[in-house]
């Protein structure tokens with residue numbers, strides 16, 4: 001499994017560690033592959049759940065790591081990555097709210113910070129050679145720490161299956177709770193959980209009930225709708241049901257409420273950055289509610305050209321986040337444009353949750369451009385319907401000239 005002659009040049013490496021099968025095998029592999037190399041395990045707490053972190057340090061040390069750093073990034077993740085991204089309206093290929101993609105830059109940044117702290121000369125990740133994450137992580141590393149060597153075991157070692165990894169660990173008496181019969185590959189954080197693999201690899205298969213773990217099936221959700229009120233300031237959710245909450249706590253509260261109503265499920269076949277298609281089932285209950293609330297307030301406050309520009313920013317931002325280009329001048333530019341528009345995105349919105357749907361049913365804003373008196377068909381003092389005639393003649397001038405030239 002490892003080279004007979006060990007590689008040199010790496011003395012200390014920081015590994016993005018989850019405690020799963022892959023990264024548990026990476027620790028001994030690094031020690032066997034690199035001469036006199038110290039392994040520092042790093043885990044980012046981005047809201048994947050306490051159960052994922054219990055015993056993690058002990059497991060890393062038992063696998064051969066010299067130390068394990070668990071860094072709490074939950075609040076920063078929601079405040080500085082999720083909130084700015086959803087303010088742009090970014091949604092990949094019309095359906096995906098970018099849960100995995102948004103988490104990668106903050107994890108990579110924290111990994112680099114740990115590497116600087118411990119004096120490491122290399123970074124390591126457990127991403128496969130077929131997925132998007134290898135590009136996302138290494139793109140961030142290139143922007144933040146181009147001097148550090150990057151090690152990607154899945155592109156180097158001979159192991160190709162879960163069975164290979166299990167056999168590798170067993171041969172070294174390293175304990176793992178993983179089994180060869182794992183069905184799905186899952187990735188969770190505060191924003192969402194993703195599910196891939198198993199029967200989902202055939203797009204003709206409907207996802208079984210065992211796929212979903214965060215939300216109830218819409219058909220099993222309560223028969224009575226629930227209403228949740230959001231207050232929004234500058235494109236950020238500040239209150240849930242009139243309660244002031246931090247970004248992370250607001251998201252957690254909405255996750256709890258919306259998941260009971262089956263809100264936030266999608267089943268998509270997406271275009272990966274590396275060129276292939278993949279099928280994924282995603283659950284984003286609280287995020288779906290937040291997204292609906294922001295768009296509802298935008299309908300009130302953004303004029304036609306501003307709305308068009310916001311949609312263009314959203315499309316660019318969706319691809320940028322998905323493709324792992326967070327630490328770039330383009331990202332800074334798009335976020336600045338979004339922040340300018342978000343100055344007016346203030347107000348209150350009520351979202352109706354019912355059997356998988358999150359619908360904005362009430363909305364108001366101090367910056368609203370909607371006026372009931374202007375929009376009615378009755379007489380008003382601001383809009384004289386006679387003025388429309390001149391506007392229409394100018395608006396259709398090009399069509400009129402074109403028709404005249406063709407005669």
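The backbone N, Cα and C atoms fix where each Cβ goes, glycine too.
Noted in Swiss-Prot for the protein shown:
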- 16, 17, 18, 19, 20, 21, 22, 23, 24, 44, 126: ATP binding site (BINDING)
- 96, 101, 132, 136, 185, 194, 270, 282: L-citrulline binding site (BINDING)
- 128, 132, 133: L-aspartate binding site (BINDING)
If you run the three-state DSSP split on residue 22 (ATP binding site), which class comes out? helix
Would you identify the secondary structure of residue 282 (L-citrulline binding site) according to DSSP, in three states? strand
Nearest of the binding-site residues (18, 20, 24) to residue 136 (L-citrulline binding site) - Cα to Cα: 18
Long-range neighbours only, meaning 6 or more apart in sequence with Cβ under 8 Å: which ones does residue 18 (ATP binding site) have? 43, 52, 126
With every protein chain in view, what's the tally of Cβ atoms within 10 Å of the Cβ of residue 20 (ATP binding site), excluding that atom itself? 18
Distance check, please: Cα of residue 132 (L-citrulline binding site) against Cα of residue 24 (ATP binding site), rounded to an integer number of angstrom. 21
Nearest to residue 24 (ATP binding site) in three-dimensional space, by Cα, is which of the binding-site residues 101, 133, 185, 194, 282? 185
Spatial neighbours of residue 128 (L-aspartate binding site) that are distant in sequence (at least 6 apart) but have CB under 8 A: 134, 154
Here the 10 Å Cβ neighbour count for residue 16 (ATP binding site) comes out at 23
Residue 16 (ATP binding site) falls, by DSSP collapsed to helix, strand or coil, into strand
One should report the C-alpha separation between residue 282 (L-citrulline binding site) and residue 16 (ATP binding site), rounded to whole angstrom, as 23
Give me the long-range Cβ neighbours of residue 270 (L-citrulline binding site): same chain, 6+ apart, Cβ under 8 Å, in sequence order. 92, 93, 96, 277, 278, 279, 280
Cβ-centroid neighbourhood (8 Å) of the L-aspartate site, 128, 132, 133 excluded: 127, 130, 131, 134, 135, 136, 274
